[in-house]
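Pulled from TrEMBL, these are the features on record:
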| type | residues | note |
| --- | --- | --- |
| ACT_SITE | HIS10 | active site, tele-phosphohistidine intermediate |
| ACT_SITE | GLU88 | active site, proton donor/acceptor |
| BINDING | 9-16, 22-23, ARG61, 88-91, LYS99, 115-116, 159-160 | substrate binding site |
| SITE | HIS158 | site 'Transition state stabilizer' |
Amino acid sequence: MSRSLILLRHGQSAWNARNLFTGIRDPDLTERGIEEARRAGKALREHGIIPDAWFTSALQRAYHTLDFALQEMGITDLVITRSSKLNERDYGDLSGLNKDDARQRWGDDQVHIWRRSFDIAPPGGESLKDTANRVLPWYERNVAPLLLTGQTVLIAAHGNSLRALIMKLEELDGEAITNREIATGVPIVYKIAPDGTTLSVEELRPA
Ligand SMILES: O=C(O)[C@@H](CO)OP(=O)(O)O
């Protein structure tokens, strides 16, 4: 049985392009983002990886990424489950601010702590730990049982909601995850053992 899990960060959004903190705000994909999503679907198809089940967040940059990727795989007659549990980490009061402006105002170190620390939340927002506390129970309930039956599952979501999953799948601690950046539109394929642990990890980067 194949038993693969594919994590896909959405393609470039209009706010990624403008370097704005996005969080649970809801900008759509740019043309480049659409192209990245299509390329991700094509890469999966070319590697012979066709998901049996798929999930995405309640934010359009993620669910449109899933739509475009599945289209490339020829999967069009489908039901899509959107869950807000997979939404991006809430950036609170930083949402909508330019990341360079924020560095100017609060300093590089403080902004880096807000963006990449494990348990320090930005003002009014969620820490990665808070995000993991909603993402991981959702994963155990909805995805782990499908993997156990040998299904291949695709999750299209966000930098930080995926980071929470990656911590679990790669057994990274709060320190190690701070250096893990996730490219937009690059599928990360995990082969999963029968006991739910990770056997291998591969990123399908465009040639
Ligand atoms: O702005 C955001 O919501 C996220 C993802 O784009 O940014 P960061 O990489 O700073 O966590």
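Every residue, even glycine, has its Cβ placed from backbone N, Cα and C.
Within the set of recorded positions HIS10, TRP15, GLU88, GLU88 have a CB atom less than 6 Å from some atom of ligand 1. Looking only at Cα atoms, the residue listed as 'active site, tele-phosphohistidine intermediate' sits nearest to HIS158 among the recorded positions GLU88, ARG89, LYS99, HIS158.
Here the binding-site residues are ARG9, ARG89, LYS99; the one with the fewest Cβ atoms within 10 Å of its Cβ is LYS99. Note: the CA-CA distance between HIS158 (site 'Transition state stabilizer') and ARG9 (substrate binding site) rounds to 5 Å. In the three-state DSSP assignment, the secondary structure recorded for HIS158 (site 'Transition state stabilizer') is coil. Residue with the densest Cβ environment among the recorded positions HIS10, HIS158: HIS10, by other Cβ atoms within 10 Å.
Rounded to a whole number, the distance between the Cα atoms of the residue listed as 'active site, proton donor/acceptor' and GLY159 (substrate binding site) is 7 Å. In terms of Cα spacing, the binding-site residues GLN12, TRP15, LYS99 all stay beyond 10 Å of GLU88 (active site, proton donor/acceptor).
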